[in-house]
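Record features, source TrEMBL:
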ACT_SITE  439  active site
REGION    47-73  region 'Disordered'
TRANSMEM  120-141  transmembrane segment
TRANSMEM  161-180  transmembrane segment
TRANSMEM  192-214  transmembrane segment
TRANSMEM  220-238  transmembrane segment
TRANSMEM  307-325  transmembrane segment
TRANSMEM  355-377  transmembrane segment
TRANSMEM  426-446  transmembrane segment
TRANSMEM  452-471  transmembrane segment
TRANSMEM  483-502  transmembrane segment
């Protein structure tokens, strides 16, 4: 049988023929994992000294060669009997251990990007589905169907019409801000008057809904919705006024012939347009700019699929709240007044369904709803969140989980504080203080309870930032801070706040009934 004297390259391996039998002591052979004669048809890869570099580059198994090599071997080589591949395969003299390797689940290897744990992730999903399915069936067998027919809408919801009218009349405040900016552009009013008018407008936009909610005995969901909308309007109006103020300042400097640093980018000319304001008020962003990156068209089929997902996950949230969370909190004692062990048991029992609701809320609002709104408006920048679930510190979490608010804080609060000479730590504290105030307003006002539980919960994040930063520095390249974040934020913090507000709300309603 004729054997070619020329080297033949197959895939990534090098097969040297002709001198195989005479120089077999200088060669090392690697077989592939395919079968011979239908069962063990394998092709031996003979590696000489020239293929040592390719062997060193192999980062996975030393015994894996693609079976596609059979398709590129020349006809001369196919005449070799298949048994010759097995004859030189896995010889005792071939080294079985060639380099230092870590176990796939070792602490140094488990979090590497090249290391895939998709199978374990799928296993966790299967276990979660199986366990929660059993719990759902057990709950239905024990308590029956607890969801009320009037969960989504009832005749009592008609009493919330003042809140609905308040939502509609919030459009007055952006219109007033536009008029002020138009007068400022035409230089009909002085700059201090412009600032004063914007302060009045933004303050009224947040006080007006608060007064309406406190005067009306509305449902909690209606009050929360109105307060969230009012806070969004307030944040947008502040950004609108602050951005236009800065554009006027830069434009005036250019008109005076002043030399501006390269960091000042006049991407957009100073122009007060009602169209740009109207788009900004409905766009999924809190930071104003005259123009935004836009997508070329609307994907109608994609929007329809996201709407279906939104309906499904909203129903899942309602089911968990009515079927699990409500019975748990109704059968609990006040966590700060009852038995300590009983309070811990209630908090831990409430933590799992509360975590599911919180994750569904995040997915529905930040992923589905904001992307639907962005698609309908052809809004291009859709970084509404980052991978906050991988946050190793509480500080990382607050930077990644709500990007619209984070960008607003950086742009209109944090860096302005630094420019005025405020230290970095104090600027961070001010940012948490503003966030805590708005969290308290969104929960305490609809509940008609001012116990500062939400405010205290947000401000408690400040020491948690210091603790998790310390843990991350002490245990570098580990997920200790991430586990600490999940425990304090989702397992302990949120269920505790739910129990506190529920019992305070029930105590308030009982006092009102007695009076």
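Glycine is no exception: its Cβ is also placed from the backbone N, Cα and C atoms.
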**OP:** Look over the recorded stretches 120-141, 161-180, 452-471, 483-502 and say which has the most C-beta pairs under 8 A to the transmembrane segment (307-325).
**Re:** 120-141
**OP:** State the non-local partners of the transmembrane segment (426-446) in its own chain: residues 6+ outside its ends, Cβ under 8 Å from one of its Cβ atoms.
**Re:** 206, 210, 213-214, 218, 220, 222-224, 226-228, 231, 405, 409, 413-414, 417-418, 452-459, 461-462, 465, 501
Original post:
Residues of the same chain, at least six outside the transmembrane segment (483-502), with any C-beta under 8 angstroms of its C-beta?
Top reply: 325, 329, 332, 334-336, 343, 346-348, 350-351, 354-355, 358, 391-394, 397, 443, 447, 449, 451, 453-454, 457, 460, 464, 467-468, 471
**OP:** Write out the long-range same-chain contacts of residue 439 (active site), meaning residues 6 or more apart in sequence whose Cβ is under 8 Å from its Cβ.
**Re:** 454, 455, 457, 458
**OP:** Compare 120-141, 161-180, 355-377, 452-471 by their Cβ pairs under 8 Å to the transmembrane segment (192-214) and return the stretch that comes out on top.
**Re:** 161-180
